Amino acid sequence: MAPEKQQDNGTWLVTEFLLVGFSNLPELRPTLFILFLLTYLVTLSGNATIITIIQVDRTLHTPMYRFLAVLSLSETCYTLVTIPNMLAHLLMESQAISIAGCRAQMFFFLGLGCSHCFLLTLMGYDRYVAICHPLRYSVIMRPTVCLCLGALVFCSGFSVALIETCMIFSSPFCGAGLVEHFFCDIAPVLKLSCDESSLKGLGIFFLSILVVLVSFLFILLSYAFIVAAIVRIPSASGRRKAFSTCAAHLTVVIVHFGCASIIYLRPDSGANPSQDRLVAVFYTVVTPLLNPVVYTLRNKEVRVALRKNLARGCGAFK
């Protein structure tokens, strides 16, 4: 069913969108639904486990793990924005989404995505202070400072999202109203704008560079200082221990910024909808699953705390 349209001075204006999603793969939709649902449930369980462990284990009440808990909570909200709607559309015949619903989905998706970039930058700064200035760490990263930095991260992320969403939805939409994606992302929605979208696209492209590239450069700068500090540690065990605290964060940074760069740091973003959908599946479904896996498998303190609390819980039932 095509979205409703209204006529205004001879121009057909779109009043709702149709998400193309996986409609070109009708025979695979039940399989995709089961696969995505299982992945989503594992992601929710993994992030909930990390948040709970950090909350109940006093040895993890440090800025590094507080930021990790915030990242896990943010990842949970991030998946709530896109995956439930995608799962519903895999089961339903109607793929329609209202313009207001599309605007809200884009705002929260971009806000949480930008906040992730800034939060990963903040976590990189935390590792820099811990390794390069260990004696001053408790003073520099005291609770009030961490709280203010965390608030700044999300205020900045949602401010960027508000600007980009207002730019995209500031004009009406024309054409068939088909969004070549399974959620309301920037490029496929911007293509439907009645106005000349090249200037908007350029402005959003530069904002994306500001968020993704600048954040990544700050992380690289932090790690340049970290590596310089690690190589000066005399013992091999000390070097391994220092690097092990960064390994999980570095893995998540590479995956997150790699996917963001492929999608948003291309002037022709949206030129290949099928490729963009494939990458989007990775960063909306797979990446949120990788975060709890990486942080539990590659972080010794989290593994120890998890085993200790599981043993305590099993002992309580005996």
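Backbone N, Cα and C atoms are what each Cβ position is placed from, and that goes for glycine too.
Nobody curates TrEMBL annotations by hand; they come from automatic prediction.
Per TrEMBL, these features apply:
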- 46-295: domain 'G-protein coupled receptors family 1 profile' (DOMAIN)
- 32-56: transmembrane segment (TRANSMEM)
- 68-92: transmembrane segment (TRANSMEM)
- 104-125: transmembrane segment (TRANSMEM)
- 145-163: transmembrane segment (TRANSMEM)
- 202-231: transmembrane segment (TRANSMEM)
- 243-265: transmembrane segment (TRANSMEM)
- 277-297: transmembrane segment (TRANSMEM)
Query = Can you say which of 104-125, 202-231, 277-297 has the most Cβ pairs under 8 Å with the transmembrane segment (68-92)?
reply = 104-125
Request  = Could you give the residue numbers and ranges of same-chain residues that sit at least 6 residues beyond the transmembrane segment (277-297) on either side and whose C-beta is under 8 angstroms from one of its C-beta atoms?
outcome  = 36, 39-40, 42-43, 46-47, 49-50, 68, 71-72, 75-76, 78-79, 82-83, 86, 180-183, 185, 248, 251-252, 255-256, 259-260, 262-263, 303, 306
Same-chain residue ranges lying at least 6 outside the transmembrane segment (104-125) that approach it to Cβ under 8 Å = 64, 67-68, 70-71, 74-75, 77-78, 81-82, 85, 97, 149-150, 152-154, 156-158, 160-162, 164-165, 168, 183-186, 189, 211-212, 215-216, 218-219, 222-223, 249, 252-253, 256-257, 260
